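*Asks:* Pulled these features from Swiss-Prot for this protein:
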| type | residues | note |
| --- | --- | --- |
| BINDING | Gln87, Gly105, Glu106, Gly107, Lys108, Thr109, Asp512 | ATP binding site |
| REGION | 868-901 | region 'Disordered' |
| BINDING | Cys885, Cys887, Cys896, His897 | Zn(2+) binding site |
| COMPBIAS | 891-901 | compositional bias 'Basic residues' |
Amino acid sequence: MLIKLLTKVFGSRNDRTLRRMRKVVNIINAMEPEMEKLSDEELKGKTAEFRARLEKGEVLENLIPEAFAVVREASKRVFGMRHFDVQLLGGMVLNERCIAEMRTGEGKTLTATLPAYLNALTGKGVHVVTVNDYLAQRDAENNRPLFEFLGLTVGINLPGMPAPAKREAYAADITYGTNNEYGFDYLRDNMAFSPEERVQRKLHYALVDEVDSILIDEARTPLIISGPAEDSSEMYKRVNKIIPHLIRQEKEDSETFQGEGHFSVDEKSRQVNLTERGLVLIEELLVKEGIMDEGESLYSPANIMLMHHVTAALRAHALFTRDVDYIVKDGEVIIVDEHTGRTMQGRRWSDGLHQAVEAKEGVQIQNENQTLASITFQNYFRLYEKLAGMTGTADTEAFEFSSIYKLDTVVVPTNRPMIRKDLPDLVYMTEAEKIQAIIEDIKERTAKGQPVLVGTISIEKSELVSNELTKAGIKHNVLNAKFHANEAAIVAQAGYPAAVTIATNMAGRGTDIVLGGSWQAEVAALENPTAEQIEKIKADWQVRHDAVLAAGGLHIIGTERHESRRIDNQLRGRSGRQGDAGSSRFYLSMEDALMRIFASDRVSGMMRKLGMKPGEAIEHPWVTKAIANAQRKVESRNFDIRKQLLEYDDVANDQRRAIYSQRNELLDVSDVSETINSIREDVFKATIDAYIPPQSLEEMWDIPGLQERLKNDFDLDLPIAEWLDKEPELHEETLRERILAQSIEVYQRKEEVVGAEMMRHFEKGVMLQTLDSLWKEHLAAMDYLRQGIHLRGYAQKDPKQEYKRESFSMFAAMLESLKYEVISTLSKVQVRMPEEVEELEQQRRMEAERLAQMQQLSYQDDDSAAAAALAAQTGERKVGRNDPCPCGSGKKYKQCHGRLQ
């Protein structure tokens, strides 16, 4: 009560921010007459003037009123469009490292030109981030005339572009691209073998469009660059044949874990577990298929990878559904993004899951991959000096933006008041009744000429509704991941009178639905249209536009509630833009995923008590409230998962930054001989210490062992025992010095053969290659550690602290290995002629190119229990009895594959 009273008196934080900014808007408006008087040349000259002022030390914020006034005037001259006051407010919000919540149709693309221009004046580059290539290209081309009029360059960063074109795009003042491409370029730059191969500049200012989609929905999606591992496609096919013999256990009995079924499915965590009965059957079937020998157990250490195949195949069959989670197109399994409903060409699930799905669908199985580099969007975008974003729906996630990205959310008012009617939800008992009610509603709406947009949560559901509409004889367009190319065209005409459009999730997001259809699209379809033709098209459109408004504007039908209220709001937000009329309603059934998992028992009990008849719907505030609570539960659970993921990833992130900065330093210098010399001293000291403990008696020395180690690891054949026999005065210190001096002498002789310059080049190559190879193994080991770390909780230890401690010691061990391997490689390599060094370099380049061609940019299935990635690389590595089992089950080794040992 008191808080409400204080808010009324002083205004909310949002009100106070807007009040402060409105004063600046008044200053900008006052400058308008002055700007109108300037010639085009004088207006263009303002950019150079602003840059000169910045160089003299003026603060960027002081330029806001004048810079925004210049952009507004330029936009009037180039586009004939004047920024509204609310767009100026949005521009200021975006410049202040905030999220601007601007409703659909309020002109976010035009708003973005203001902060993009202002921050481009620094010359450090501005990255405008969009959700797909089409929007990146569209926005760049639309805004290019404005920026070029003001003397700024514009670049577009698209997947598959050659490195020189990418470098040029990043060198531009303002670069447009997708979140995936920026992230992958960052990773690729940190795998480059020479400074010239890098494409990005230092990350300065990112302006993220649809910021909720990128920073929240995709936050759990690490970007992974992976190279090919060993081929095991045959095994996937063989294991796949066995899975149909298993029966799913309907209810998991947590006490005994017994039941009639062979495996249980946890839909919330997307995991599959074998029951005891299932384990026995699987072992029998594996023996029958000749995959496993009789008498062997699936839990024997030799079968760790087999267990991984079985788990992957089970998950592929039980949890992943065709046309919901993926589609099969041209003999390929293509992932469908669960948040946007779009296909993700080129992305692959990790941990063998993608191969298991390929085996299930009977398409060609592609090789498994090994992670070479990875980063989450959360950590990538936090690398920017300055970050801001805009979306139509951010307020529900304001707390997350603030706690993870330190970004405040400011709700920017609409230019015209909102008059859309959001009707209460209708809840049916079954899916079939719900679909029937939707068809009836569509018939009713289209009969009076009202356009309808139907939002579904998956391709499968969109095709189900489409089939029913076809049966009912209603013409309609389907917009889902399968028809990506026509997306914008279909959306542009979704406002046509009586048009019916079915869209998955947010397909077509970023394209406005204009009531009456898009007259621009009609004009674009004509070849060289005359002025009369254009006028006629506009006049026809005006008639249609008025007719649609009279019929009630665009009507939105939601066929199911999403896990997040925000995505529901996005669907609703497609209607009622710029103060237009519109309406929306969600249709639900007790068979919907959200209701089944989170709200079923209470609500269905309530509905039965009310004596529901088939085809009848319940429309009550209690039900709507129960659904909102279910969504809140899911949202908070997802937030906790993302927060947990970030806390764990922060550990890896610190290590990643350390490795990448060291790698970049290495790339930028041409001579690493000083580093090599200091590393050599450390390595030889540690090696000698292992055989001659410091300040020890001669009886404690292991001279034969030391001689053998120096010979095997450093190619140093030294008669140490002979020296000690012949020279009694040789003590520990002088012996150490002599061994080091001998190693330097041998190395210098090699250098004389190939020449100093060639040797420096070779040293740098060896360091880079060793660093990359060890970092790759370290990533797999970290992944592996992460899978079982939660079990430390049972030992009353904080898993997070344990993870930090262990990963730090692994990192320290990796750095020690790096030193050792570099010196060992350089000592053992036999080089005789400069040509041989050049040949080695050439081999390295060819290997890098081969890897680059085979690299996969993959989509990490975030809930997956990773398989024994490290075990696969290191073969028969000894696993401690209390370590997490390498099969990825999450159990201790002694309770899993170590049970029989």
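Backbone N, Cα and C define each Cβ position, glycine as well.
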*Asks:* To see if you understand the setup: which same-chain residues, six or more apart in sequence, place their Cβ under 8 Å from that of Lys108 (ATP binding site)?
*Replies:* Gly90, Ala100, Met102, Asp209, Met390, Gly392
*Asks:* In three-state terms from DSSP, label Lys108 (ATP binding site) for me.
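*Replies:* DSSP assigns Lys108 (ATP binding site) to helix.
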*Asks:* Taking 10 A as the limit, how many CB atoms besides its own sit near the CB of Gly107 (ATP binding site)?
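*Replies:* A count of 19.
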*Asks:* Judged by the number of other CB atoms within 10 angstroms, which among Gln87, Thr109 is the least packed of the binding-site residues?
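*Replies:* With the binding-site residues Gln87, Thr109, fewest surrounding Cβ atoms within 10 Å: Thr109.
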*Asks:* Taking the Cβ of Glu106 (ATP binding site) as reference, which residues of that chain separated by at least 6 in sequence fall under 8 Å from it?
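*Replies:* Val86, Gln87, Gly90, Val412, Thr414, Asn415, Arg577, Gln578 - these are the non-local Cβ neighbours of Glu106 (ATP binding site), listed in sequence order.
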*Asks:* Can you count the other CB atoms that lie within 10 A of the CB of Asp512 (ATP binding site)?
*Replies:* 17
